[in-house]
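Written out below as structure tokens is the structure these notes cover.
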Amino acid sequence: MDDTGRQELIQRAHLAKESAYCPYSKFRVGAAVVTHDGKIYTGCNVENASYGLSICAERTAISKAVSDGYKQFKAIAIASDQVDRHISPCGACRQFMREFGLHWEVYLTKLNGDHQQMTVENLLPLSFGPDNLGGMN
């Protein structure tokens, strides 16, 4: 992605966290994913009193895109209110992202918009994915 696209994606992730429903953890997270044709989908974390039913921002954004028919992504930006460190996706989100490829970009951000760029493969090396299911009898 070029600098303008990357900055827009990061800004959209930070805006998405404003909608977070997190009455238990108070930890707001937003995500913005861009499709292969440039459409941006955003998501926020949505907690639940039954903690296991909570959904992360990354999975919300990707699910919204998939529900509109998208399954190929260029990049995702993840944002929180963390000042001293870049936000990092949980293991479930890393596996969820991996379902849609290894080589798309992931921008881990800080509150000030500073970011660290990685790929899904960097976040989940030696991962299990759709290609591992081929050849099963």
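Cβ atoms here come from the backbone N, Cα and C positions, even for glycine.
The active site, proton donor annotation in TrEMBL covers Glu58. Taken from TrEMBL, the feature substrate binding site applies to Asn45, Val46, Glu47, Asn48, Ala49, Ser50, Tyr51. The Zn(2+) binding site annotation in TrEMBL covers Cys56, Cys90, Cys93. According to TrEMBL, the feature domain 'CMP/dCMP-type deaminase' maps to 4-131.
Apart from the site residues Asn45, Val46, Glu47, Asn48, Ala49, Ser50, Tyr51, the chain places the Cβ of Tyr21, Tyr24, Leu53, Ser54, Ile55 no farther than 8 Å from the centroid of the site's Cβ atoms, the recorded substrate location. Neighbour counts were taken as the number of other C-beta atoms within 10 angstroms of each residue's C-beta; across the binding-site residues Val46, Ala49, Cys56, Cys90, Cys93, the minimum falls on Ala49.
Cys56 (Zn(2+) binding site) and Asn45 (substrate binding site) have their C-alpha atoms 4 Å apart, to the nearest angstrom.
Confidence annotation: the domain 'CMP/dCMP-type deaminase' (4-131) carries a mean pLDDT of 97 in the model. Put simply, Glu58 is the one of the recorded positions Glu58, Cys90, Cys93 whose Cα lies nearest to the Cα of Asn45 (substrate binding site). Between the recorded positions Glu47, Glu58, the minimum number of other C-beta atoms within 10 Å of a residue's C-beta occurs at Glu47.
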